[in-house]
Number of protein chains: 2
Amino acid sequence: MQRKYPFFKIGIIGGGQLAKMMTQEAKKMGFWVGVLDPTPSSPAGQLADRQIVADFYNPEALKTLVEESDVATYDIEHVNTQALKEESLRRKVFPSPELLEIIQDKLRQKETLSRGGIPVPRFLPEVSHKALRELGSPAIWKARFGGYDGKGVAKIEKAEDLASLPQKEAFMEELVTIEKELAVIVARSRSGETVAYPVVEMVFHTANHICDQVFAPARISEETAQKAQEIAQKCVTLLQGVGVFAVEMFLDQSGKLLVNEIAPRPHNSGHFTIEACVTSQFEQHLRAICGLPLGSTQLLVPAVMVNLLGEKGAEGVPVVEGLEEAMAIKGVSFHFYGKAQVRPFRKMGHVTIVDTDLEAAIRKAQRIKEILHIRS
Amino acid sequence: MQRKYPFFKIGIIGGGQLAKMMTQEAKKMGFWVGVLDPTPSSPAGQLADRQIVADFYNPEALKTLVEESDVATYDIEHVNTQALKEESLRRKVFPSPELLEIIQDKLRQKETLSRGGIPVPRFLPEVSHKALRELGSPAIWKARFGGYDGKGVAKIEKAEDLASLPQKEAFMEELVTIEKELAVIVARSRSGETVAYPVVEMVFHTANHICDQVFAPARISEETAQKAQEIAQKCVTLLQGVGVFAVEMFLDQSGKLLVNEIAPRPHNSGHFTIEACVTSQFEQHLRAICGLPLGSTQLLVPAVMVNLLGEKGAEGVPVVEGLEEAMAIKGVSFHFYGKAQVRPFRKMGHVTIVDTDLEAAIRKAQRIKEILHIRS
């Protein structure tokens, strides 16, 4: 089979760091990339062949992007699925707008997984005293729509808390006694082939519940790891997903795995794959959506990923502190997304540390957190 | 120490594949990149923040590029060193224009290495019957200026051949009975720290003497490998080089190492480092010229690199044949440089194959050469 240069024209809805890293891989292979993002010179837009500056919900802009592309995808979930369902567009968009709608509604997502035989925390499709009694307290309140990075989630300690919850469509879940939070990156091709990356441990910032570090591989038994990979692949097959997906799970204190949620795209928990795996999650995503064969998910070396968030009070042009010192640590890769403005807790970049000894990589990550800061 | 975004502004003279892969690494770290190249939308220009469309010898364009940058470098040797020697520019250009002038003149390069105690093939600074008698026949004729990829080199079988050589400034060398052609990528920082990557084997196309494949690591004794790395580092220190350098050597049939020539920049023989080493040669080059600490050169997995050249008769928009089949081979990374026009033997891209077993990677590379073609 022959393909004419640029081989594939990729449209990406959203021009953030995920789109940027997809663009890097696409350009490596000579592909053409168009990006839609409201911020001019977005991280991905700086590298893409073209950026359409418009809102993710703008149907005309979406239509233009997809029409110019052979294959379209997104780096965020909050897009206009209705516009993408138009007959001329839908066959080019991966994962499908229908799948995206399931993911956008966290209740529907949970119901779909549960009905498909995937182990999930016990949940009830309502917020009520009755539900709290059934689930026991404390319990978890979750907004159905729009939550990310710990937003749209609250802990209900006691019945009185029910009165002060945000007025949003929501549901309730049991509180899981978490041993570890795990994630598995899964890729599924157009032909239904699925592959899983090694299971990773996600470590969250206690205050804001943004993912702070990722350890690859997870320090769990071989048996648990295999089970987690099986569950993750089953989730993506159940959803008929095409592309890369992050399946986030709890390992509870009794050793049970429970799926928390699914991201229908490359994910923060898979950034380590750039340096540590044969095929990065971003190249893998492109392979999957373009109908190319999937690549090897083999881990070549243990790795730790540390997110670089804007410091408290940071506002304006970003300033990095400690770059020289950080880069002197062997095995460190520094990623900066190219956002022109820093804000507190904004994801500005990340560092991956590879080391043949995971515990040594974890110690190096600790050091990175001490010395490397993104201020203004 | 604090640095304001974009941290470093990098100027690159030349916008080909080496500049493109440098740009990829620079953009990963959030740096700003400007490129000078006569072809609009050059491989690097497609990813850079700015391309100046002008000739490499245009002094005004060179001046503009360097003035806009914190640090400037090049991806080719054939640039106007005179313009770069201007006082306001020279302190920003790495490697230095003076070093580049030594490299540009292959005779001066050889004399410099020889005087510095580096083992090189026996050479004489003239083309004459006397020199041929001294070196023995066959001997090698080399143009002093402008040669690359086997151009500017000829074999003199007998005295009569001397009459038909090109009328160029040239010199003569003994013919080495080559066991293997090796290369070592060396990085040297502004502070004089040097590191060497694992020694690789270069396999050349017999007809056109363009590098066809690279095997990493070279299948040589540990002792020879160590010796090669020492010689390579000594070369770069001797030249007071700052940046990444490729030191190409012959291993002769008696086991002796002889330096053939030095490229003052990242090099085809180091492309494998992107997938197989902790720090790629391109990031390493940026670290070196920016005054950042050097990264680890550790090889994580054996690798083979295969160049993708335009097929015989190819002319016009490139067409790839066999991409799906090639990408189905586990461990394959496909690189396409984004040149809009293919020509016979033009370097259009490369493939890296990683495999824990080097011999398996070599077999996969053979398969890639059979199935993957760049035509028009």
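Cβ coordinates are placed from backbone N, Cα and C, and glycine is handled just like the others.
Summarising the annotation, TrEMBL assigns ATP binding site to B:Lys106, B:Lys142, B:Glu173, B:Glu174, B:Leu175, B:Val176, B:Glu181, B:Asn260, B:Glu261. Taking a C-beta cut-off of under 8 angstroms and a sequence separation of 6 or more, B:Glu261 (ATP binding site) has the following same-chain neighbours: B:Lys106, B:Gln109, B:Glu248. The secondary structure of B:Glu261 (ATP binding site), as reduced to three states from DSSP, is extended strand.
Residues or ranges marked as domain 'ATP-grasp' by TrEMBL: B:110-290.
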Fewest Cβ neighbours within 10 Å, where candidates are the binding-site residues B:Lys106, B:Glu173, B:Leu175, B:Glu181: B:Leu175
Conformational class of B:Leu175 (ATP binding site) under the three-state DSSP mapping: coil
Where B:Lys106 (ATP binding site) falls in three-state DSSP terms: helix
Collapsed DSSP category at B:Glu181 (ATP binding site): strand
